[in-house]
Amino acid sequence: MAEVRHPYRVLTALIMASILIPLNSTMIATELDPIAQSLSTSLSSVVWIVTTYLIIMAAVQPISGKLGDLYGSKRLLNLGLWLFLLFSVIGALIPDFPALIAARLGQALGGALVIPNAIAMARHSFHEDSLRHNLGLIGMAQGLGAATGPFLGSLLIQLGGWPAMFWVNVPMIGSALVASALVLPKDLLRKKAPPIDVFGALSLAGFLALFALSMPETSLAMGRLRLLWAVIALILLMSFIRVEHHVLAPIVYLPFFRQPAFRYANLANLVNNFFMYSTLLYVPIVLRNLNFAMPAIGGLLFFFSLVMSWTSWLGSRLSVIRDRRFLIMTSFLLDFIVTGWYELLPSHHHWAFLIIGLLIAGMGAGIGNVAMQTIVLESVDLKAAGSASGIYATFRYIGSILAASLLEIMVQKPAVHLIVLLATLGFGLMISWALLKSRVDPSSSLSP
């Protein structure tokens, strides 16, 4: 595959587009407790500002990745940026809670179009030797966006309230749209695109939404209603799998999962993001209960995200000289230490303990990121890069949904929290062990 003429310009344009999503995610995710207090509502209700955002991101990304493969990744990326811009302006002009939720949902829809198609464009634009390095740089930039979010969100809320958190997106999105128009290569479209799998798209979105609603300790799903959501979600999942086996252009090409490396790398991604988001949501609440000042909490989370960003880049470099599967196992071994740190945090909160714990948590969240992503991308044919990237992103956001849905359990039931963490960690270690026994052969990549 020939590389584009100006690879670093293309890389810069892709970074400008993709950095918006983690920035906007953490700008509000770390302010949940203050939001709950200011709105006189429960934490479990406010968590849905984050959870609904994650549901849309998870449900739409495999669809948008598939649409990018069919109709052009650049076209879908630009559409996502325009939607993000539109709903940012709506959120800025109508600063109340319902508008905040609506604007966040619209931003999530735009972000879900941007991320998988940005990664697909990277897969199309860079040859194999530079792909890992450039994905590492994109991951590092996204980590920096996530790291900047808590500081920026806190500052903007103090200066201008909710509207400021939306207005700040306008110049950034405008710059990304200009860079896309001037730098990103044109789409190579198929001569005749098959019809869109509408039923598959709707059933997948419905499954993910009801899956989140069926999680324990969420104010929107209680008792028998939660069980009902779970049953309907299972029915939708079974319907989705059945349909995807028979349609001409499935949203998710299920034979991808026959390749062990593809399957295990996606599951590893889910577990890894569960631990990352648990840290991002759990630590601020614990520290606020211990009377830490918000600037101090923001600084600690910035440090965590900075470490995650740097180790994501480091992992991309190490993956050239070390087995990528070893890096993924290292990630989960570090998470084992983080699990113990979680349990000790409420009673051991001196600065050295906090910094060491967040250092290890950041390393665990970042070191295997690029390894997981490149294994997934190299497991499929080049023309299916958007679909593979969308599937990868969905698994990532399912991990985030699980972490957000279980937040009250983490805070109020430490014993149950420990059991959940250990079970998840055990699952992650089994996945990494299975990955050690599987190999990726790009020459025999699967294709829809």
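Positions of Cβ are set from backbone N, Cα and C atoms, glycine also.
Noted in TrEMBL for the protein shown:
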type	residues	note
DOMAIN	10-440	domain 'Major facilitator superfamily (MFS) profile'
TRANSMEM	45-64	transmembrane segment
TRANSMEM	76-95	transmembrane segment
TRANSMEM	101-122	transmembrane segment
TRANSMEM	134-158	transmembrane segment
TRANSMEM	164-184	transmembrane segment
TRANSMEM	196-215	transmembrane segment
TRANSMEM	227-243	transmembrane segment
TRANSMEM	264-286	transmembrane segment
TRANSMEM	292-314	transmembrane segment
TRANSMEM	326-345	transmembrane segment
TRANSMEM	384-409	transmembrane segment
TRANSMEM	415-436	transmembrane segment
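Across the domain 'Major facilitator superfamily (MFS) profile' (10-440), mean pLDDT in this model comes to 82. Below 8 A, the CB atoms of the transmembrane segment (227-243) and the transmembrane segment (196-215) form 3+ pairs separated by six or more positions in the chain. When each of 134-158, 196-215, 384-409 is checked for Cβ pairs under 8 Å to the transmembrane segment (101-122), 384-409 comes out on top. The list of residues near the transmembrane segment (134-158) in space but at least 6 beyond its ends in sequence, with Cβ under 8 angstroms from a Cβ of it, reads 7, 11, 14-15, 18-31, 34, 118-119, 122, 126, 164-165, 168, 280, 294-295, 297-299, 301-302, 304-306, 308-310, 312-317, 366, 369-370, 373-374.
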